[in-house]
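Below: the structure, in structure tokens.
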């Protein structure tokens, strides 16, 4: 019979998603989850690519926004915080990559810190995007500018988003530690004693309810009414000005929604609402790893969106280059005229 009170009896095999939930069948034996060496190195190369792109891209985004003090909008302040969250997370990717090869060799402190940064990145991202959706909803649907133009209030909202993200992520910092199971590589894992399985389910369900589902519903509500208002009023220029915001939200959902859906399925399986088998466990573990990598990719995609869609971002970047003599002022002036004529009305002033 599976003994959940003795962690030494578990066979993790490096599976970071294992919850220790015992199966109902007493004759059931733990599944052996295998990881191919090729897959490990593909993951490492992917992490390295995301790290480099995120480090360069988000640093440029922060530089451009911080340089543009005069034309900085409320949305820009939110996107600045979004870039900071992605940058902090990117700094942990080399550690995650190394753990794919040798297991978790970095000790309990780094286990807590990098797990905290990963969760804070996710929660702050969706909370900030929810705040942007509310800001755009007030500005377009209700034509409210008093709240959206007070930047000092926006700073307090951002601080609140970071604080709530820290609270939602705090259990990972408190309970995760470096653990060395028998006959397996060390892992960074939540350890809560005999009730690890039960509490891990609680720690999984509550944060994702308040840190993902609720903000997602807020975004769907706000952007639904915002789009309805834009199309109803035939506000074509304002709609074009919202392209960056919509693209950022869409990319976030495409990157993180699959992981959360697989995680929800895994939760149903762990709580025996879906029958668990070795084959399903292997499929879920592979899906979790693949969709988590997709989520990691999100940290480097926003700067690419700004570069291709955000005219203000391109102009701000060229302005910095011109200040340092890397491009001519004539070229900057021509680019500014082109940008102005192609989008003469800028409702959100976002990047």
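Any Cβ shown, glycine's included, is placed from N, Cα and C.
Here is what Swiss-Prot says about this protein:
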- 1-41: topological domain 'Extracellular' (TOPO_DOM)
- 3: N-linked glycosylation site (CARBOHYD)
- 42-62: transmembrane segment (TRANSMEM)
- 63-76: topological domain 'Cytoplasmic' (TOPO_DOM)
- 77-97: transmembrane segment (TRANSMEM)
- 98-112: topological domain 'Extracellular' (TOPO_DOM)
- 111-188: disulfide bond (DISULFID)
- 113-133: transmembrane segment (TRANSMEM)
- 134-154: topological domain 'Cytoplasmic' (TOPO_DOM)
- 155-175: transmembrane segment (TRANSMEM)
- 176-204: topological domain 'Extracellular' (TOPO_DOM)
- 182: N-linked glycosylation site (CARBOHYD)
- 194: N-linked glycosylation site (CARBOHYD)
- 205-225: transmembrane segment (TRANSMEM)
- 226-243: topological domain 'Cytoplasmic' (TOPO_DOM)
- 244-264: transmembrane segment (TRANSMEM)
- 265-289: topological domain 'Extracellular' (TOPO_DOM)
- 290-310: transmembrane segment (TRANSMEM)
- 311-351: topological domain 'Cytoplasmic' (TOPO_DOM)
Measuring Cα to Cα, how many angstrom lie between residue 188 (disulfide bond) and residue 182 (N-linked glycosylation site)? 14
Test of understanding: applying the rule of at least three C-beta pairs under 8 Å (pairs 6 or more apart in sequence), is the transmembrane segment (113-133) touching the transmembrane segment (244-264)? yes
Three-class DSSP secondary structure - residue 182 (N-linked glycosylation site): coil
Per the Cβ under 8 Å criterion, with at least 6 residues separating them from its ends, the transmembrane segment (155-175) contacts 77-78, 81, 112-113, 115-116, 118-120, 123-124, 127-128, 131, 190-192, 199, 203, 207, 210-211
List every residue in the same chain as residue 111 (disulfide bond), at least 6 positions away in sequence, whose Cβ is under 8 Å from its Cβ. 104, 176, 177, 178, 188
Hey, what's the Cβ neighbour count for residue 182 (N-linked glycosylation site) at 10 Å? 10
Across every protein chain in view, the count of C-beta atoms other than its own within 10 A of the C-beta of residue 188 (disulfide bond) is 23
Long-range environment of the topological domain 'Extracellular' (98-112) - Cβ separation under 8 angstroms, sequence gap at least 6: 14, 40, 43-44, 47, 172-174, 176-179, 184-188
Per DSSP, what is the residue tally for the topological domain 'Cytoplasmic' (63-76) in helix, strand and coil? 8 helix, 0 strand, 6 coil
DSSP on residue 111 (disulfide bond), three-state: which is it? helix
